[in-house]
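Pulled from TrEMBL, these are the features on record:
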type     : residues : note
DOMAIN   : 1-352    : domain 'Major facilitator superfamily (MFS) profile'
TRANSMEM : 12-32    : transmembrane segment
TRANSMEM : 72-93    : transmembrane segment
TRANSMEM : 99-119   : transmembrane segment
TRANSMEM : 164-185  : transmembrane segment
TRANSMEM : 197-218  : transmembrane segment
TRANSMEM : 239-256  : transmembrane segment
TRANSMEM : 328-347  : transmembrane segment
Amino acid sequence: MFADRFGQKKGLGLAVAWWSIATSMMGVATGFKSLLALRLALGVGEAAAYPSNAGIAARWFPDKERATVSGLFDSASKFGGAIAMPLIVWMIYTFDWRLTFLIIGSVGILWVIAWYFIYAENPEEHKRISPSEVRIIRDGQKQHHGDKTVLPMKWYKLLRYRNIWAMCIGFFTINYTSYFFITWLPTYLVKEKGMDFIKMGMVAALPLLCGMVIEVFAGWASDRLVHKKVLSLTATRKLFLTIGLLMALCIGFAPFTDSVFMTVFLLCVAKSGTTVAASQVWALPGDVAPKNSVSIVAGLQNTVSNMGGAVGPIITGAIVAATGSFNWALIFSAILVVIGIINYLFLMGKIEPINDKGGKSPVLNAAEQH
């Protein structure tokens, strides 16, 4: 909501500054309570990043490039996670964990400084964007999200719309599975597959690297299908979401092989599947949001998805503690993926902008559905 009302420049800049300071301070934490409090503070800052990015994509790019841009910014986070695995292992061995936090936080502060000098809120305000380039952007948009005369839609009003619920439920299932790769995967590789710390750091990066490459291609390919009118926007989004989640089902097959190679392969396919879906997930807010409300829609979707990210590691840990292995934890992730597929295929309706004065997008009231 802050980003839509006050602009993505302030919203994203403050968010990155917030989580960078929290990250740095984790290096001087004195105990579990202070470390936990700082980790929660870091999460609050991180939560604003993706909704702000979705708003930036809606303002700065024509509709035909929306999924490509979404795939690029989301895949960049996967690249960061991939290089972080071996890099942080090396930094901890070379320095210590406290200095590692301080260094990572400092990099974020440097980014914020560059952001404030480089980014402009709208294409019209950027010195290096020509009038002809601005026309290409604006002519390719169904809605002008930089219109300062229109206030963002209230978040609670969005809950009347079926597509908003479908977006939230679907992303919950995706994030539940995705968080396994950034929380429990290292432990899984060490405890279940017998890898040493160094090898684990390298192997744990592979699913993220695969996902990064696949996501960029998925975003580009889906935009081409829509732009060339091979498929409708609704059919394209549902197709790629379904393909991605079918790939993600591979996480449920990992317990049924003793081969380390096959396990890693299945996990790479599963993670790539979540990124194929993510390329569409982050394009959807721009597809359905009312004018000047992209970040609010994205933020609502992101909030629910982060609930999946929050409970996922807890449930996984509980299942592992109860059963003594990761098998049922991975199978449970696959069950949620199936729910995600059903959700996107049947709960999500036609993908089109919400009309705040009456609502084009399918609503929950059955009498208003067509």
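Using N, Cα and C of the backbone, Cβ positions are placed for all residues, glycine too.
Most Cβ pairs under 8 A with the transmembrane segment (12-32) among the ranges 99-119, 197-218, 239-256 are made by 99-119. Averaged across the domain 'Major facilitator superfamily (MFS) profile' (1-352), pLDDT for the predicted model comes to 88. For the transmembrane segment (72-93), the partner stretch with the highest count of Cβ pairs under 8 angstroms, out of 99-119, 164-185, 197-218, 239-256, is 197-218. Residues 8-9, 12-13, 16-17, 19-28, 88, 91-92 of the same chain lie 6+ residues outside the transmembrane segment (99-119) yet bring a C-beta within less than 8 angstroms of a C-beta in it. The list of residues near the transmembrane segment (197-218) in space but at least 6 beyond its ends in sequence, with Cβ under 8 angstroms from a Cβ of it, reads 67-68, 71-72, 74-76, 78-79, 81-83, 85-86, 88-90, 181, 185-186, 189-190, 240, 244, 264, 267-272, 274-276, 278-280.
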